[in-house]
Amino acid sequence: MKISKQLVLTYIYLFVYITLSSGVILYNKWVLSPKYFNFPLPITLTMIHMGFSGLVAFLLIRVFKVVSPVKMTFEIYATCVIPISAFFASSLWFGNTAYLFISVAFIQMLKALMPVATFVMAVICGTDKLRCDIFMNMVLVSVGVVVSSYGEIHFNVVGTVYQVTGIFAEALRLVLTQVLLQKKGLTLNPITSLYYIAPCSFVFLFVPWYLLEKPEMEVSQIQFNFWIFFSNALCALALNFSIFLVIGRTGAVTIRVAGVLKDWILIALSTLIFPESTITTLNITGYAIALCGVVMYNYLKMKDVRAVQLPVDSVTDRTAKELKMEKKSFDLYVSDDIAKNGGGKGTRNGSPDSTVDEEAPFIPSTRVSHLGRSPLSSHSA
């Protein structure tokens, strides 16, 4: 049986994505944990990532001119970029701080709440409607997370609150990205997202850093290793582009399956690398229940997409569009078709897509369908 070179390349991209995503999370935990590298300053670490990402984007756009900046007016920046960056900075701050209190395995289990948070925020903001079938799935996910939390040996209320708050901040950012940027007709590729959002997020993080972590850095002996932080920021940056490549070559189903596989691998790896990341049978049972809800939620969303697409497009038209999108999958700019259909993470019915990688914040939000190709999120960039 002859294996296509394109198929092999797709699997290589998926492998790189899973490796980088898992690596960034474990790396962040190792850097922040007092038991290991002992740099318990999550805001500082996040600001390093923001500064590095902004600098790289500036060089690529202004110096090397790899891509051109989008037409950004003061009004768009003030009404769209600033509020999105504020919630993005909050999600990073809270998500990274959770590593100080709870294990990587438990954090991944709590992240199953992402569809719940996104759905709730979408309903509140009016971009999605409250539906009985989706609501029951959200209840199932919530029950699973509660069971998993009850089975957590080293349960910590502070760490759990930080992580859940970060999840809801990220969900609100996704909804705002859809509501604000789509209305302005603005779509950002990974580089322009870095260019506009990273510096703004850096500024928002500066205030809590100055109040909370700067005094601590002045009185405590915090070790700083340039190569550790440089490689950590580089891995986070590489993860963004790996997701861009993966989504450019696969459909929504593949990226969702890869995400679930990554979570299981990460939970297993964290128990091996960090002895304190002990998981119990109740942990796994609760997480499995939550995943069932997530899978059903994704199925309903994909079904909604097909219900809209199938009556409109003939088989020939859909095939032609798929080939056209395949040709454009490596373009740094989002295709016009996707931009017209909506630049925010979401499905055709208006709710933002909850299948995001919280470790990769700068991938631009585009609609993901079973035909379309596409990818903003790091809790732990």
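Cβ atoms here come from the backbone N, Cα and C positions, even for glycine.
According to TrEMBL, the feature transmembrane segment maps to 7-27 (among others).
Averaged over the domain 'Sugar phosphate transporter' (12-298), the predicted model has a pLDDT of 90. Sequence annotations record features per position, and here TrEMBL assigns domain 'Sugar phosphate transporter' to 12-298.
The annotation transmembrane segment is assigned in TrEMBL to 39-64 (among others).
Residues annotated as transmembrane segment in TrEMBL: 76-94 (among others).
Look at TrEMBL and you will find 100-122 (among others) tagged as transmembrane segment. Long-range contacts of the transmembrane segment (100-122) within the same chain: residues 25-26, 29, 32-34, 40, 42, 128, 134, 137-138, 141-142, 144-145, 148-149, 152, 154-156, 158-160, 162-164, 167-168, 170-172, 174-175, 263, 266-267, 270-271, 274, 276-279, 283, 286-287, 290-291, 293-294, 297-298, 350-354, 356, 358, 379, each at least 6 residues beyond the stretch ends and with a Cβ under 8 Å from a Cβ of the stretch.
TrEMBL lists 134-155 (among others) with the feature transmembrane segment. Remote same-chain residues near the transmembrane segment (134-155) are listed as 102-103, 106, 109-110, 112-113, 115-116, 119-120, 276, 278, 280-294, 296-297, 300 (criterion: CB distance under 8 Å, separation of at least six residues from the stretch ends).
According to TrEMBL, the feature transmembrane segment maps to 161-181 (among others).
Non-local neighbours of the transmembrane segment (193-212) in the same chain are 43-44, 46-47, 50-51, 53-54, 56-58, 60-61, 69, 72, 77, 81-82, 84-86, 88-90, 92-93, 240, 361-364, 376; each lies 6+ residues outside the stretch with a CB under 8 Å from one of its CB atoms. Taken from TrEMBL, the feature transmembrane segment applies to 193-212 (among others).
What TrEMBL records for 224-246 (among others) is transmembrane segment.
Same-chain neighbours of the transmembrane segment (253-274): 14, 17-18, 21-22, 25-26, 29-30, 33, 103-105, 108-109, 111, 246-247, 287, 291, 294-295, 298, 302, 355, 357, 368, 370, counting only residues six or more beyond its ends whose CB sits under 8 Å from a CB of the stretch. Residues or ranges marked as transmembrane segment in TrEMBL: 253-274 (among others).
Residues annotated as transmembrane segment in TrEMBL: 280-300 (among others). Through the fold, the transmembrane segment (280-300) approaches residues 105-106, 109, 112-113, 115, 119, 133-134, 137-153, 252, 256, 260, 267, 354-355 of its own chain, all at least 6 residues removed from its boundaries and within a Cβ separation under 8 Å.
Here TrEMBL flags 336-381 as region 'Disordered'.
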Flag the pair the transmembrane segment (7-27) / the transmembrane segment (224-246) as in contact if three or more Cβ pairs fall under 8 Å (sequence separation 6 or more).
yes
